[in-house]
Amino acid sequence: MTVSDQTWMAIALDEAEKGRGLVEPNPVVGAVIVKDGREVGRGHHARFGGPHAEVAALAVAGQEARGATLFVTLEPCCHHGKTPPCTDAILEAGIAKVVVSARDPFPRVNGGGLDRLRAAGVTVELGLLGDRAARQNAPFFKRVYTGHPYVIAKWAMTLDGKVAAATGDSRWISGEASRAEVHRVRGRMDAILVGIGTALADDPQLTVRPPGPRTPLRVILDGEARIPVESRLVSTSRSVPVLVAVTGRAAADRCRALTDAGCEVLSLPSESSRIPVVPLLSKLGERGMTNILVEGGGRILGAFLDAGQIDEVDAFLAPMLEGGDHASTAIRGRGVLRMPDSTRLEGVSYSQVGPDLRVRGWLDQPWRARLKDLVQSPGDDRS
């Protein structure tokens, strides 16, 4: 691989991001076609069910694609789905070489696309900027491997770790720019999830303003169906969907009132009024959900952490000090007794958003161990 190869693949990875929020549950994919050192075509998967990135790039390149190199962020498909196989289009166009960042673990592909191209005499290289590609499509890969959506835990807190005053007041900890960024993120999610404590204390809308590529399902964890039908969430449920997750402790008349108001009620088995995290994620995964944003409060975030079900953290730290013994903290739950037992983030990044500091990082979940296989050819023993 050359430096220029890395540059072209970086362009393809950036191109892929244009499909974020538009193509799920499919992965985001970008492609660049290069001939004699110059770009002749570029494209990305722009909408679910629409042309794949390779086909979009080939349409731009036209006859220039013959003998060229295709840089693509994910293995080309080799099966008939909503669109014909990309491998057929690549071969018909006369592409001479295909450089792929990561293999597609989807069972109907899973190396078959690479094998099809090699069998037809196309030079194939795998793994260029593979770590970045694996991170880019981590939500898709997790859903393929586990059946669960990718969970992003989000919160805003003061510099001394408080997410609300002792009275419950939390408006506003983060600045205007941070709140705008949260709306941008929401608009690329399949669901936004909060607990009943947050729903009662804040009466939030959990909508996307201005609207983004997606309209996320608003999910309330409410074991006893306590949310009032007059709340902003329930009263807007016919225009923006709401799912209320309850347990057997929820009264039938309360559930019926929520259903009559336009909400969907999902009952999950539980020995208490607490919503079981893993069965909930299984139900959301069955709906084809790829990304969910868990916005709290502390008990809910603690429950997800205790269950080992947080994949990524997106936290905003405001330059404010609150103090006090009884103010809420971001994550509750069991906690740890020794600092070495704390959960550490990987791949941490920092950025300033207005006056706030944004900290992002991912957790080393068991399913991530399989990602290295996606950027290695069979028999490659790199560790």
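Along the chain as shown, residues are numbered 1 onward.
Glycine is treated like the rest: Cβ placed from N, Cα and C.
A TrEMBL annotation is a machine prediction, not a hand-curated record.
In the three-state DSSP scheme, E54 (active site, proton donor) is classed as helix. The annotation active site, proton donor is assigned in TrEMBL to E54.
For H52, C77, C86, the entry in TrEMBL reads Zn(2+) binding site. For C77 (Zn(2+) binding site), other Cβ atoms within 10 Å of its Cβ number 23.
If you look up TrEMBL, you'll see A156, W172, T198, D202, G297, G298, R299, I300, L301, G302, A303 marked as NADP(+) binding site. Within 10 Å of the C-beta of R299 (NADP(+) binding site) there are 18 other C-beta atoms, taking all protein chains into account.
TrEMBL lists S170, R186, L206, R209, E295 with the feature substrate binding site. Within 10 Å of the Cβ of S170 (substrate binding site) there are 22 other Cβ atoms, across all protein chains.
Under the heading domain 'CMP/dCMP-type deaminase', TrEMBL lists 3-125.
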Among all chains shown, work out which of the binding-site residues H52, R186 has the most CB atoms within 10 A of its CB.
H52
Cα-Cα separation of R299 (NADP(+) binding site) and C86 (Zn(2+) binding site), in Å?
46
Rounded to a whole number, how many Å is the Cα of T198 (NADP(+) binding site) away from the Cα of R209 (substrate binding site)?
19
Across the domain 'CMP/dCMP-type deaminase' (3-125), average pLDDT on the 0 to 100 scale:
95
Those recorded positions of H52, E54, C77, C86, A303 having Cα within 10 angstroms of E295 (substrate binding site):
none
Between G297 (NADP(+) binding site) and R186 (substrate binding site), what is the CA-CA distance rounded to a whole number of Å?
17
